[in-house]
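Novice: Have a look at the structure that comes next, please.
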Amino acid sequence: MKSDLRYFFLFCIQVEILAGEFNDSAASEMFIFHNGGVQILCKYPDTVRQFKMQLLKGDNVLCDLTKTKENEDTVSIRNLNVCKFQLSNNSVSFFLYNLDSSYASYYICKLSIFDPPPFQVDILSREYLNIYESELCCQLKFWLPIGCAAFVTVCVFGCVLMYWLTKKKYPTSVHDPNSEYMFMAAVNTAKKPAPTDVTRNLELPGTQA
């Protein structure tokens with residue numbers, strides 16, 4: 001259920017790309033839609049062999065990837081911010097998912113070149129990613145919590161009502177001490193036999209010999 005709602009919100013979110021101040025000719029290549037998210041492409045010259053590529057959102061570093069060559073056969077790649085990335089011979093792609101309106105900002109690809117010397121820092125591209133949500137999604141985000149709360153309230157009220165009706169239909173048999181009617185103990189009405197240890201002899205007058 002939660003995943004369905006998440007995909008629905010991702011479907012509602014629309015992304016508009018506006019060209020930045022740098023590399024206007026490559027404005028359409030920096031942002032690419034990818035599996036409900038955005039792929040941000042940062043290109044660098046083919047001659048660069050060791051470098052650090054940073055993806056900045058405004059002044060904040062979102063992704064930081066460093067490629068160094070320890071020897072002829074070993075290449076070390078460090079991804080400090082644990083961003084999903086894809087590295088090629090002349091570009092680094094970073095992937096952002098679960099976007100909302102808070103992600104709207106300028107995104108900057110910042111390249112620090114270690115090899116070939118000299119060391120230098122370049123801003124490769126800077127573009128604005130404008131994310132806005134449709135009116136339907138805004139209304140849905142407002143009414144969905146209210147609807148869920150109302151649904152829970154109705155369910156609780158229904159359960160209480162069902163319990164009350166069931167208790168009223170099948171009352172318990174517990175004796176009420178304040179009741180007008182009292183339970184009476186069973187009384188044995190059978191006659192007890194006469195005592196056999198007492199015997200009286202009655203003699204009629206004139207019957208003696």
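If you go along the chain as it appears here, the first residue is 1 and each next one adds 1.
Yeah, the Cβs are placed from backbone N, Cα and C, and that goes for glycine too.
Quantities reported herein were computed from a predicted structural model and do not represent experimental measurements.
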Novice: For the disulfide involving C109, grab the partner from C42, C159 as Swiss-Prot records it.
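Specialist: It is C42, per the disulfide annotation in Swiss-Prot.
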Novice: Provide the number of Cβ atoms within 10 Å of the Cβ of N89 (N-linked glycosylation site), excluding the reference atom itself.
Specialist: 7
Novice: If H, G and I count as helix, E and B as strand, and all else as coil, what does DSSP give for N89 (N-linked glycosylation site)?
Specialist: coil
Novice: What mean pLDDT score does the topological domain 'Extracellular' (20-141) have in the model?
Specialist: 79
